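K.L.:
My structure is below; once you've seen it, I'll send some questions.
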Amino acid sequence: MTISSPEREAKKVKIAVDRNPVETSFEKWAKPGHFSRTLSKGPNTTTWIWNLHADAHDFDSHTSDLEEISRKVFSAHFGQLGVIFIWLSGMYFHGARFSNYEAWLSDPVHIKPSAQVVWPVVGQEILNGDVGGGFQGIQITSGFFQLWRASGITSELQLYTTAIGGLVMAAAMFFAGWFHYHKAAPKLEWFQNVESMLNHHLAGLLGLGSLSWAGHQIHVSLPVNKLLDAGVDPKEIPLPHEFLLNRQIMQDLYPSFAKGLAPFFTLQWGEYSDFLTFNGGLNPVTGGLWLSDTAHHHLAIAVLFLVAGHMYRTNWGIGHSMREILDAHKGPFTGEGHVGLYEILTTSWHAQLAINLALFGSLSIIVAHHMYSMPPYPYLATDYGTQLSLFTHHNWIGGFCIVGAGAHAAIFMVRDYDPTNNYNNLLDRVIRHRDAIISHLNWVCIFLGFHSFGLYIHNDTMSALGRPQDMFSDTAIQLQPVFAQWIQKTHFLAPQLTAPTALSATSATWGGDVVAVGGKVAMMPISLGTSDFLVHHIHAFTIHVTVLILLKGVLFARSSRLIPDKANLGFRFPCDGPGRGGTCQVSAWDHVFLGLFWMYNSLSIAIFHFSWKMQSDVWGTVTANGVSHITGGNFAQSANTINGWLRDFLWAQSSQVIQSYGSALSAYGLMFLGAHFVWAFSLMFLFSGRGYWQELIESIIWAHSKLKVAPSIQPRALSITQGRAVGVAHYLLGGIATTWSFFLARIIAVG
């Protein structure tokens, strides 16, 4: 950190806007394709509607003015937030109007959450299953009930008011989106002022956001949950404002409240340990993290981010400059290092987006793994359907974000990369030795693929030949994951040294006792064996292939030996023109297309592994005789052969969805069928030739002309790229909905 000389702080930061830059015109807005000179003329062929969808949000294609593009993106973000608030409001409204939330609060172990009641049209009311507490409805697995309880919501009226608040926020967001594009649009310099942005996002969004959540947890969530855990009727619990206004209620629950802020200012922070704890592990009553631990966590996080939000230099000549940090970042082997990256990150929003999507996607997958191993909300861990849904959801969201990172990194390379500004810096050096990177990564993929798959093929062969003693398994030739087991043991023992006052380790998965709530396993030590070792190497293989495809797309987006002038052809193109055979499907867009399939492969195996492992080794009932798991520990015996995965996971566990007709789960049976159809429909687009369809269309047009009913807009076959886009969309939609119905019918029936 440096104190700057006067000339270094000459450029004062100020809020700079243009007044009324774009008039509000519903006439223009209502005209399809108003953003493009070509499209606004209207359709000649059916390709027009496809181009309309492809380019509506591609602001780069509307204008080359970076300021105008930035304003459109900024305004669109407010629109996105508005839609999110409407969605959130809808969730809370359903909780208020159509749910058994108050009944669930009184007995969260035996009553299942439901917030959707189907109207009795054509017999659909069969879907309203008995979820307990005298309520008929669809069992939900979103985790909202557990989140609401953790927030201290005790009545449906509170959900109503929050839902209304969500709509008010949505209106504010839509207004802001309009205002900051049409009335007071920020200048480019405002968008490029990274130090102010960092300070505001770190201190404001993350710092004050965490602090206000910690305050809510301490003053509302903790007392409400303490009373709920003690068995107090939700209707008897004081309203949230009473905890704030009447200190006596708080003193009865947390004696240190009587001391006020004196311990804080005299640094006697230990006095507050009755509501800011460091217990570790799970609350044995609810099976969730101790809410006093999470309040402590958010308070600590808030302090860190509030400090971080004062680190960057703006008008006061103190703090870091982002450009100086990047320009100074040179290592012995990295040439010019990060020189030139500041320009990239302030002039290419695609580059920014690529980095943020990669980080955010990875974070989502990390969240998926923490939601089950350290379940943050009360009674979340014993709601197996919700646990499975949250793991699956956060994995898929993360996968899409990471593929999106590859897409926008490639768009940056094609549209925004300037070779003259990037000489011998890290980016240039990576691009110059891309052949070494990609060929090594390819070798890794081949190695992982053959070896991991080879272990399974060996096991299937030995099993087929009746030679179990020659298989890789926990009972024959063991391949124990010794490093993973060492990590588990270390994390289990570590708190004895690092946090001697903690009650237990961070997660019950490391070791120790079973945490049971209401006779169900919330969490317990997860033992790893040969079957886990095998499938983990399949995970490594599929993830590396996904990375190979995406990284090759980025590094070869501008040029390759096959097509040296690829940058001139753009982000997506079908082939390098006529007369150049073998150059189809090489665009950066096509790499994203292929990457999506491998992302789907990777995550399918990850969520299948999770689903089976948890049913086999964790989830189940607890009696005096011990733990009885849902599938009785069959993962270790069966998951070491491909046949075992097909027979004992896919086939055995799909019986619930296949046999769901005539029951409350029958919608999942219909969805399972329909999603298979959507998936199969995708193959028609993926295995098609464009010329075949054009020929067919022309003979159909001939027939229409004969009957004098030919359309004025000429039908055309989908382009190669459009066909692949439609194909991958239906492939993923069909695959995801198939998995969704398979998982939920199974876990709701047995969990």
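Just so you know, the numbers here start at 1 and follow the chain as drawn.
Each Cβ is built from the backbone N, Cα and C atoms, and glycine gets one as well.
Swiss-Prot feature annotations, pasted as is:
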TRANSMEM  73-96  transmembrane segment
TRANSMEM  159-182  transmembrane segment
TRANSMEM  198-222  transmembrane segment
TRANSMEM  294-312  transmembrane segment
TRANSMEM  349-372  transmembrane segment
TRANSMEM  388-414  transmembrane segment
TRANSMEM  436-458  transmembrane segment
TRANSMEM  533-551  transmembrane segment
BINDING   Cys575, Cys584  [4Fe-4S] cluster binding site
TRANSMEM  591-612  transmembrane segment
TRANSMEM  665-687  transmembrane segment
BINDING   His676  chlorophyll a' binding site
BINDING   Met684, Tyr692  chlorophyll a binding site
BINDING   Trp693  phylloquinone binding site
TRANSMEM  725-745  transmembrane segment
K.L.:
Among the binding-site residues listed here, Cys575, Cys584, which has the most company in the form of other Cβ atoms within 10 Å of its Cβ?
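P.N.:
The residue with the densest Cβ neighbourhood is Cys575.
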K.L.:
Suppose we draw a 10 Å sphere around the Cβ of His676 (chlorophyll a' binding site). How many other Cβ atoms does it contain, all chains included?
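P.N.:
Cβ-Cβ neighbours of His676 (chlorophyll a' binding site) within 10 Å number 15.
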K.L.:
Pairs of Cβ atoms less than 8 Å apart decide it: which stretch in 73-96, 159-182, 533-551, 591-612 has the most with the transmembrane segment (388-414)?
P.N.:
591-612
K.L.:
Out of His676, Met684, Trp693, point to the one nearest Cys575 ([4Fe-4S] cluster binding site) in space (Cα versus Cα); all of them are binding-site residues in the record.
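P.N.:
Out of the listed candidates, the nearest Cα belongs to Trp693.
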K.L.:
Given the binding-site residues Met684, Tyr692, Trp693, which one has the fewest other C-beta atoms within 10 angstroms of its C-beta?
P.N.:
Tyr692
K.L.:
Could you pull out which residues elsewhere in the chain have a CB under 8 Å from any CB of the transmembrane segment (665-687), counting only those six or more residues past its ends?
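P.N.:
Residues 126-127, 129, 138, 654, 656-659, 718, 723-724, 726-731, 733-738, 740-742, 744-745, 748-749.
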K.L.:
Between the Cα atoms of Trp693 (phylloquinone binding site) and Met684 (chlorophyll a binding site), find the distance and write it as a whole number of Å.
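P.N.:
Their Cα atoms are separated by 11 Å.
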K.L.:
Specify the nearest of the binding-site residues Cys584, Met684, Tyr692 to His676 (chlorophyll a' binding site), where nearness means the distance between Cα atoms.
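P.N.:
Nearest in space to His676 (chlorophyll a' binding site), counting only the binding-site residues, is Met684.
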K.L.:
For the transmembrane segment (294-312), what are the same-chain contacts with Cβ under 8 Å, counting residues 6+ beyond its ends?
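P.N.:
Same-chain contacts beyond the ends: 1, 194-196, 198-204, 206-211, 213-214, 217-218, 221-222, 275-278, 319-322, 376.
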K.L.:
Please report, as numbers and ranges, the same-chain residues at least 6 past the borders of the transmembrane segment (198-222) whose CB is under 8 Å from any CB of it.
P.N.:
150-152, 240, 243-244, 250, 253-254, 275-276, 291-292, 294-295, 298-299, 301-302, 305-306, 308-312, 314, 322
K.L.:
What is the separation, in Å, between the Cα atoms of Cys584 ([4Fe-4S] cluster binding site) and Tyr692 (chlorophyll a binding site)?
P.N.:
17
